[in-house]
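Peer 1: The structure is given below, and queries will be raised subsequently.
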Amino acid sequence: MKRFVRTVLGDIDPKDLGICDCHDHLIKNWGPEAKEHPDFVMLSNEAAIKECLEFVHHGGRSIVTMDPPNVGRDVKRMVAIAEQLKGKLNIIMATGFHKAAFYDKGSSWLAQVPVNEIVPMLVAEIEEGMDLYNYSGPVVKRGKAKAGIIKAGTGYAAIDRLELKALEAVAITSITTGAPVLVHTQLGTMAYEAAQHLIDFGVNPRKIQLSHLNKNPDEYYYAKIIRELGVTLCFDGPDRVKYYPDCLLAKHIKYLVDLGFVKHITLALDAGRVLYQKHYGLEKGKECFGFAYLFERFIPLLKEVGVSDAAINTILVENLAEILAFDAPRQFNPKAVHPRVLALKKQLKIE
């Protein structure tokens, strides 16, 4: 099988991915996050394009936007942005789910539709084209742009029954299509468990990234996850001093590199609010950092704490060329699922 990465404008050779921000946001068209803070509404194509051009100016080549259906995803706007940046920047979009708090526990389609019917919906987004209406119903209208990654999400310090259901659907979809997976972990909690569940269902650990571990600054926890499960940690939060200073994240990355775990580290900015991006901020009359922060501030800090240029290249380029490349599709084997996750499904009354 010829290896490929699936972008909005078509499949590319993994070698053409270049420096990649593996978890970010350019457009967020309302959704449940907007109820938490108005900064989660990001609807300026112009600001998004300017931000991307700064990323390109500093050597960036690819961005993975991690907005699943019904949580801010806007396929039409993103395709328009990708077309304007064609030849300069690769954009990858997501299908899948976020944390359970964003879905009605009784009436959402995640709650009502069985896993064996959800999986074909996700597979279709990857193999046929994303639904322009985000599976909001009752009409499905597929565009040409296909999803290139699957998102799952877990809440703070607990995995909800809807989240385990989504993890199962995401796992089967990954196995069926070969697509990679990224998991939102709320404040870096339940990361080990989420990864273990995906692996128990049969997902290739090399295709799993765990997001937001930087918000749970525990280098021993990081090492345990990598050592025991073989998955990758996506540190997506330089420029988040409200959680921790950059120096702490840089030192934790150095710690993992020194342990020999450089192949299990990726970096991103997760700049999913208006005031996390320079050009959105300027439109609001604010001076903010943006995508350039990674290159101007954080990468120099990594070098200052002793992370080598070779390790940085592995983190930004080589790892993602491997992780984001699709595996050969496999047939899901329910008999191979680990008994421990089946027991948990029974305890949580997931059919």
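Note that Cβ sites are derived from N, Cα and C of the backbone, with glycine treated the same way.
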Peer 1: Considering the Zn(2+) 2 binding residues LYS151, HIS184 given in Swiss-Prot, which of HIS197, HIS212 is annotated for that site as well?
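Peer 2: Looking through HIS197, HIS212, the residue Swiss-Prot assigns to the Zn(2+) 2 site is HIS212.
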Peer 1: HIS23, HIS25, LYS151 bind Zn(2+) 1 in Swiss-Prot, but which of ASP246, ASP258, ASP270 does that record place at the same site?
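Peer 2: Only hit among ASP246, ASP258, ASP270 in Swiss-Prot's Zn(2+) 1 site, alongside HIS23, HIS25, LYS151: ASP270.
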Peer 1: So around the Zn(2+) 2 site, LYS151, HIS184, HIS212 aside, which residues have their CB within 8 A of the centroid of those CB atoms?
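Peer 2: Close Cβ neighbours, site residues excluded: HIS23, MET66, HIS98, LYS99, ALA152, GLY153, LEU182, VAL183, THR185, SER211.
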Peer 1: List the Cα distance (Å, whole number) between HIS25 (Zn(2+) 1 binding site) and HIS212 (Zn(2+) 2 binding site).
Peer 2: 14
Peer 1: What is the set of residues, excluding HIS23, HIS25, LYS151, ASP270, whose C-beta falls within 8 angstroms of the centroid of the C-beta atoms at the Zn(2+) 1 site?
Peer 2: ASP24, VAL64, THR65, MET66, ASP67, ALA94, LEU182, HIS184, SER211, ASP236, ALA268, GLY272
Peer 1: How long is the line from the C-alpha of HIS184 (Zn(2+) 2 binding site) to the C-alpha of LYS151 (Zn(2+) 1 binding site), rounded to the nearest angstrom?
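Peer 2: HIS184 (Zn(2+) 2 binding site) and LYS151 (Zn(2+) 1 binding site) have their Cα atoms 7 Å apart.
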